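I grabbed these lines from Swiss-Prot:
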type	residues	note
TRANSMEM	3-23	transmembrane segment
TRANSMEM	333-353	transmembrane segment
TRANSMEM	360-380	transmembrane segment
TRANSMEM	387-407	transmembrane segment
TRANSMEM	431-451	transmembrane segment
TRANSMEM	463-483	transmembrane segment
TRANSMEM	528-548	transmembrane segment
TRANSMEM	853-873	transmembrane segment
TRANSMEM	875-895	transmembrane segment
TRANSMEM	897-917	transmembrane segment
TRANSMEM	953-973	transmembrane segment
TRANSMEM	984-1004	transmembrane segment
Amino acid sequence: MKFFALFIYRPVATILLSVAITLCGILGFRMLPVAPLPQVDFPVIMVSASLPGASPETMASSVATPLERSLGRIAGVSEMTSSSSLGSTRIILQFDFDRDINGAARDVQAAINAAQSLLPSGMPSRPTYRKANPSDAPIMILTLTSDTYSQGELYDFASTQLAPTISQIDGVGDVDVGGSSLPAVRVGLNPQALFNQGVSLDDVRTAISNANVRKPQGALEDGTHRWQIQTNDELKTAAEYQPLIIHYNNGGAVRLGDVATVTDSVQDVRNAGMTNAKPAILLMIRKLPEANIIQTVDSIRARLPELQSTIPAAIDLQIAQDRSPTIRASLEEVEQTLIISVALVILVVFLFLRSGRATIIPAVAVPVSLIGTFAAMYLCGFSLNNLSLMALTIATGFVVDDAIVVLENIARHLEAGMKPLQAALQGTREVGFTVLSMSLSLVAVFLPLLLMGGLPGRLLREFAVTLSVAIGISLLVSLTLTPMMCGWMLKASKPREQKRLRGFGRMLVALQQGYGKSLKWVLNHTRLVGVVLLGTIALNIWLYISIPKTFFPEQDTGVLMGGIQADQSISFQAMRGKLQDFMKIIRDDPAVDNVTGFTGGSRVNSGMMFITLKPRGERSETAQQIIDRLRKKLAKEPGANLFLMAVQDIRVGGRQANASYQYTLLSDDLAALREWEPKIRKKLATLPELADVNSDQEDNGAEMNLIYDRDTMARLGIDVQAANSLLNNAFGQRQISTIYQPMNQYKVVMEVDPRYTQDISALEKMFVINNEGKAIPLSYFAKWQPANAPLSVNHQGLSAASTISFNLPTGKSLSDASAAIDRAMTQLGVPSTVRGSFAGTAQVFQETMNSQVILIIAAIATVYIVLGILYESYVHPLTILSTLPSAGVGALLALQLFNAPFSLIALIGIMLLIGIVKKNAIMMVYFALEAQRHGNLTPQEAIFQACLLRFRPIMMTTLAALFGALPLVLSGGDGSELRQPLGITIVGGLVMSQLLTLYTTPVVYLFFDRLRLRFSRKPKQAVTE
């Protein structure tokens, strides 16, 4: 009593307290970062190693395996995958959430150092690592185009000047430059000219290497001067290499230009990048795992003018893709939804109270509670994101509930003739415990969420804490500011004021009277109501089992990623043509704004595309509908497939897959894996629950096997090393020398001119100089035959792995797909040597599915414990919790009606309903108990009176919560895929709960009261006997 009086009779102090809360909230709001979702990125580090010319199997056994054994000992590694292709290996390490990325990086470097002695000596450089997830979509893509500069020169500008500067910006984890390679001097040898001159490829390599030497020459001194010695020992350009003498034939000099075409070109000609229809260099920028995407993008944009000034004017630097606009638009949509929710909630209050003065009170209390929450969000290190703003939107209905309960009870006393200050004190005292019970039990719902681990726990923590803080501040405001404003602002209603909104008032009275009549009938037919209640429990179980489920709603971020997978024997020239064809198909689509792509590198038969869609306001279709439309057009391209997927704000795992979800096959028997993977993939491709089924197992590439006749080699004076060196010199784009420039180092690359390697007969033109100086054709001691070889070798942990990726067709859920995959694996009878498991997002979905029911039960148990403590009763909490089955039925039916799968967002809605719908029962039970204790009423009379007395606040609080969530259901635009499932769940649950709990709660109350009386009589009877 004294607590309430302290604030009611000291209005200045109360107002200043509220102002302080508001000011702190405004300050916190201005300092909060902006993000699409809470920070849930796993710490990921990528280790890269190269050995030019080495086969995928060689890279896997000699490079990947030693590194994996060393890296696998690092603490906190949750997943380690590797992919080895021609000349390169990439290992992805995913760490536990609580692992510090910088500490992990130090451990990775130590593990690389420990494995160094086990790696091949011919590696041009030590393995390197990057603190970025290569499977993440870039947060920004910059393109360089020019009509005057070559692709190699553009790549040089990008990698030498732009990429290092961008990498230094806070939040940037990796800048990947694609579309070409560094400039180089390329030596294209003519095998016939070499044969005619009697010059071996090794002779050419040695001559070039010896002619380009960078070593110190020292200095000369006399008594007074010192001269630094400088020589022309370096060759910089193709023109300087052409006259180089490599051999003397019959006294005549054989120059490099006589036997080769020397050009200023690039290190690897098998790279291509495009933006729209123009050749381009791409800078794909990825953020650090812990970085804020909006802040990072803003920092990059702020540096762009400076970057532009460092490159020539003839080079056009453009932003091809930026993920931040759709994120900002999504947050603006949520903010608008929040404002609409506040307005609707206040409108509900006005309609019920029919007083402008009374409406001002919750109109002040709601903003104070919501704004004050921003301060706590800042102190907790949160961000303004879709989930935290959705929490505030939902909180609108919650925070007004406390104010409504207090305000309505004070208004009831005023209508009875009590003076304002006395009514404020008496009314607050009566409902203070009710408000406390509602708030604490609602906060209790979120305790299991706060204790939940893994990605779902991280994802929901900000939502739970934000909502809990808003409820806590609302509790404080409703017991301090609200009664003070009521005491000083409200007056007894005058007849003229009571006539306002007479239509709504009469309707409410008629509704209350009709409810009273129906409630009397229900209380006389309690068994029927009990059957209905048991039926809702059974219906809940059936609906939850049958409803389609997924991990997270499929978002339309306005960005698509595409992975090109072509025939494994395709040439680079043909692959570049496929890239151009696919880009034209996509560029012609009316919903596409920009498209960039690249192909080449160590995996010639693959490529990547990044597609920016037009803003949501300029297109009628969703991203998934656009993908469905494009899929039909892309399927007509022969010899290659382009798999499209919408970029999501949440992506789990480090695998670079061509689809959104993955199923990984593991085996310690590589032969068994290669035998069963095609069977499983083909089976999964026939399932209607899956789309775009593809695999990263590529073991059918074209290979030419050379078989040496060692006896003949020995007789001819040729060893295997010389023969292998010949092949590397001829076909391996061998880097034979380094050109040092002030800004970078460039390579001299030697190979047989591509004009002479158009078919297999090129091998017949190759020759080796033996130990007698004679030219011996390769065909004298070797024969060759075509065969198949892997283009890549993949590991997970230390086991051979193959990952099957898939998307979901329209109308299918992840639970449908996972169940279909499990059935298919059973039907195929896959042996125990091949193990299958879901990976990435699909794996997290499986883990979340197993914990959902436990989480809901834990939330209910927590609420029961809190209510039991507050009411000092084992029974009354059960009465209050009896409201939950009807809410669950309403929520699940609404999701099925709107064809929305049960996702993590819908789970939040269910948890919220646990907190919302019990409020009605709390108000009924509290007033019924008070009536029994102080009014000498029977239990049936007490609960009947409590239901009628609290009918208006029950309707107000329910409608306030419903209208607070309704904008989430009706919202469109960016980010609506996240908001709608939450709104649908809450609105559906509230509607069904309101229809049933007004009748089931009184019946359950009487049932438990009779049960209590029956058990209390038995001990007495035993004593008398």
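The chain as shown is numbered from 1 upward.
The backbone N, Cα and C atoms fix where each Cβ goes, glycine too.
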Kindly say whether the transmembrane segment (897-917) and the transmembrane segment (333-353) touch, using the definition of 3 or more Cβ pairs under 8 Å where each pair is 6 or more positions apart.
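Per Cβ check, the transmembrane segment (897-917) does not touch the transmembrane segment (333-353).
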Is the transmembrane segment (463-483) close to the transmembrane segment (3-23), in the sense of at least 3 CB pairs under 8 angstroms with a sequence gap of 6 or more?
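As far as Cβ distances go (cut-off 8 Å, pairs 6 or more apart), the transmembrane segment (3-23) and the transmembrane segment (463-483) touch.
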State the non-local partners of the transmembrane segment (984-1004) in its own chain: residues 6+ outside its ends, Cβ under 8 Å from one of its Cβ atoms.
394, 515, 518-519, 522-523, 526, 529-530, 532-533, 536, 878-880, 882-883, 886-895, 897-898, 900, 905-906, 908-910, 912-913, 916-917, 920-921, 924-925, 943-944, 947, 954, 958, 961-962, 965-966, 968-969
What residues elsewhere in the chain lie close to the transmembrane segment (528-548), defined as a C-beta under 8 angstroms and at least 6 residues from its ends?
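Distant contacts of the transmembrane segment (528-548): 522, 812-813, 815-816, 853, 882, 885-886, 888-889, 892-893, 895-896, 901-902, 996, 999-1000, 1003-1004, 1007.
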Could you tell me whether the transmembrane segment (463-483) and the transmembrane segment (360-380) are in contact, taking contact to mean 3+ Cβ pairs under 8 Å with a sequence separation of 6 or more?
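These two segments touch.
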